[in-house]
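Chemist: The structure under discussion is supplied below as structure tokens; questions concerning it will follow.
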């Protein structure tokens, strides 16, 4: 018996057991065992000290994640400003590991490490090596399941941790992964050492046969403990090398024997018959041998298929290096050949077995997707949507005309087509409410309760004559301004004539054009200050304030209010004078409270915001991967457009990318109340909608019948009372800025001045939206632009629908000549210069202006608007697919239709109105409604056929998403 190997192994065991003199001990931090702040501080002090002197740092973890899910695994953050010193996150959906850390210049650096296939429901090991910590450039290596899958070089170095460990917070994803039905089984940080030592901490040898290692390890684990596992693995590898060396020695002995026999035969040459050099066969097993006159007396044939060598010695060829199988993990190399494992679940393909590199390069295993929606009967409940994907499928909601979900089933819903009689007026149409009730809507140009409709000349929701409605609906009352839209029916003097068309609205004997208080009687016209408002209606009678702004709505204008926002903090010491914040929280300590700070986590006392996107220039990165107007660092779904940023369960993950919006443990596709917690899924009437959200799906205390966004608790009614004024030519002095007046609880806007181009933009952001309104030019003395905007992201990025009365060249030809045509136009604004003379002239010009404005559609009729005529517009915008459609009505007649326009320049944003040099504009009966689902579920071929019903104001509503009645309620 050969005792060489056991003795050598024993010597090596003693060396590693006793420790190698002079070798530094590797410090390991078990993150999951940090139970209190004292332990965390001690661990952070070790980490901080190690980063100052060590070259390498290792993060090791054993984890399990469901398919396509992920989240932050480990992070070290500043408690003061939430700065990311180091963060490691798993992106299961795209098979990436994201490493983010702060650079020396204070900016966040992101490293994308590919091929991290760990989100598949199985347990995987991860080792992240951060090397070169003391060099000018760092590098990273990612090991998954003991294999190097990706690396990144020439990285900026990490910044040192603060000396005061109390300023740093350690967070890990154990709880978050558990909520996702995954697990973080171990999470450790090793300071220094090698990849082999790091691998030993999670049972991961990096050489040899890991299966042999695991077998031996299982036998000795209870005796030797965790700290010797790596050493045993190395010894086993060493033993294998010695075995291979012994095999080589045997081959050498065989060759020496042949040489010795040859010499002996030469010595007795002539005394015996010549003996064949091929007996015994000196060639590799299975290789033919031929005698030869040349040394060594024989010639070996070629090596068998799947091997390479000289015939005497043949080594196996690893055909898997040619990637013949569907994936590298599916290839099994064997002596002389290879085989492919079966295709993954959800895919189908013939098995592949072969030998040799040429065969592996010319034959590839094909795994084709199985269309479960076609090939598997009733894979989803009948009458529901089945969505096939590569290797899998997804069951969606019920098909149009059916109600329910994947748990309760999908059943035929009541529709207007199944009614035995039509309850609606001849000038109305039938519509289905979200809860399945039938309602009637007056068509565009008509008003009433739907059962009875009358002519509505000014399209403001009130008929020209009173109607005999049985329910005494207010929209059956006669319009107090038949030819001028006034959706609020304001009548200050109660004389039956609306303020919009009453020459003396307050009845004080002074005509409106001369009255300094149009809506408050004041015959004396006393005006103590120099503004345009008399003392009787001036909310600051002794301080000039033409804007009459009253932030806290206490009857006292901001110009003379010592506490503008009404939060109990005087203006002089209030760090948000115009936004209520009694706590005065100021995380970045820049003197501007978080409630009004455009950069709440970064000191920015100037609060400069050049692009008017509500994000300060100091922290505005303009990095927006999904194009929804939210920079990635503030976007709760950075890879999916969701301008509304709706997050129903406040878990930091937007509803559009959250598989459980209400966090009740029931996935959205099976949850009968997607936005309201109901783990018991109680549904007494078995209609597929849970009891807790039966009539109020988003639980915002507004019934779905009246809710303009039934699936968002943040938006309930149309309201533009809170708006942002955006001036698009701030340096221009040809005209003045627009003067906006908001009426009818935010559903009507009036602009009276001949002004520079400007916008009044609401603060609510939308994904998919339907937006409608009536506009009316209440003058005969001007002929310029009027319109509305949507998809507003900043003052350089928005869509605008605009209309001019006559053709005209802009009176300022600098920086270029701009000519406007009298046609309804749809434009995408993506300005490289922002507000100023270039954008001003580009907006005026009918056509494309490179780097500023793109003309998406123009009405081919080339007809301008008419004076004192009401027009009703309808907009449908689905930013996720780029669907845009604009319709325009004059009375009950549709006079323009853009058809389907596809454009993804802005994937969602805010709504508002637009004017350019035009005075006396009324935007009346404004209505918006969240609507991001129905068009997405239809093929493009049916987009031009309409999408649901047109309501009394011409709005396009689908039965799936509910309806607003003819008066917007």
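Cβ coordinates are placed from backbone N, Cα and C, and glycine is handled just like the others.
Whatever TrEMBL says is automated annotation, not expert-curated.
Dumping what TrEMBL says about this protein:
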- 1-19: signal peptide (SIGNAL)
- 412-454: domain 'EGF-like' (DOMAIN)
- 490-525: repeat 'TSP type-3' (REPEAT)
- 512-559: region 'Disordered' (REGION)
- 549-584: repeat 'TSP type-3' (REPEAT)
- 575-663: region 'Disordered' (REGION)
- 608-645: repeat 'TSP type-3' (REPEAT)
- 646-681: repeat 'TSP type-3' (REPEAT)
- 648-663: compositional bias 'Acidic residues' (COMPBIAS)
- 682-717: repeat 'TSP type-3' (REPEAT)
- 721-935: domain 'TSP C-terminal' (DOMAIN)
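Each of the listed features needs to be described in terms of its position in the shown structure.
Modeler: Per DSSP, the secondary structure of the repeat 'TSP type-3' (490-525) breaks down as 0 helix, 0 strand, 36 coil.
Under 8 Å from some Cβ of the repeat 'TSP type-3' (549-584) lie the Cβ atoms of residues 538-540, 542-543, 591-597, all in the same chain and six or more residues away from its ends.
Below 8 angstroms of C-beta separation, residues 93-94, 108, 597-599, 601-602, 652-657, 712, 714-715, 724, 726, 764-767, 791-797, 834-835, 879-880, 904-910, 930 of the same chain, each at least six residues beyond the ends of the repeat 'TSP type-3' (608-645), sit close to that stretch.
Residues 69, 179, 394-396, 405-408, 635-637, 639-640, 688-693, 697-699, 711-714, 767 of the same chain lie 6 or more positions beyond the ends of the repeat 'TSP type-3' (646-681) yet place their CB under 8 Å from a CB of it.
Secondary structure of the compositional bias 'Acidic residues' (648-663), assigned with DSSP and counted as helix (H, G, I), strand (E, B) and coil, comes to 3 helix, 0 strand, 13 coil.
Looking only at the repeat 'TSP type-3' (682-717), the predicted model's pLDDT averages out at 89.
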Chemist: Do you know the DSSP helix, strand and coil residue counts for the repeat 'TSP type-3' (549-584)?
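Modeler: Residue counts in helix, strand and coil order: 6 helix, 0 strand, 30 coil.
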